[in-house]
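Features as listed in Swiss-Prot:
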- Cys67, Cys68, Cys132, Cys162: [4Fe-4S] cluster binding site (BINDING)
Amino acid sequence: MASDLTPHAGMAGRATVPGYDPKKHDPFFDGVSDALADKGFVVAAADDLVTWARTGSLMWMTFGLACCAVEMMQASMPRYDVERFGFAPRASPRQSDVMIVAGTLTNKMAPALRKVYDQMPEPRYVISMGSCANGGGYYHYSYSVVRGCDRIVPVDIYVPGCPPTAEALVYGILQLQKKIRREGSIER
């Protein structure tokens, strides 16, 4: 018999977290499943449907500025595989919902960060990853460092650490999805 981590036909080559079942962690999905089993069709508010779809299909754009970007890349690798949460990378800001600012933001780079943020479609979200992006970090007193990317763009989730682990970034992504579900409106 295969263990929880042994790949089998249903896994399509992906590693899973033992004991994690996405169906158990999404109350909207539970309601949809119950309604389908009971009546054969679902009646739901369009706002709830859009919010549910939005949390399961977030496209992220990297803004890797320093060593935190290495941990951000690791979160996309097979061990953590953030795409299983519907969090897929995109290279263009016009196709992205989330920007991950990872690393030290300098005064010279700040206008480029704002320009890329302005090119993202609404609703857009920002994850600040690492001590340098959160508040300047080790280089806080340098003349050329912005003391937190929240001075340039509005930040939704802060991921602490120097550098934060890939697990911390995955937790931040899950918190962003929870925040989007809590807001629950089409307009942000």
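Glycine too: its Cβ is placed from the backbone N, Cα and C atoms.
Other than Cys67, Cys68, Cys132, Cys162, the residues of this chain whose Cβ falls within 8 Å of the Cβ centroid of the [4Fe-4S] cluster site are, in sequence order, Ala66, Ala102, Gly103, Thr104, Met129, Gly130, Ser131, Ala133, Gly137, Gly161, Pro163, Pro164.
For Cys162 ([4Fe-4S] cluster binding site), other Cβ atoms within 10 Å of its Cβ number 12. The Cβ of Cys68 ([4Fe-4S] cluster binding site) has 27 other Cβ atoms within 10 Å, all protein chains considered.
Neighbour counts were taken as the number of other C-beta atoms within 10 angstroms of each residue's C-beta; across the binding-site residues Cys67, Cys132, the minimum falls on Cys67.
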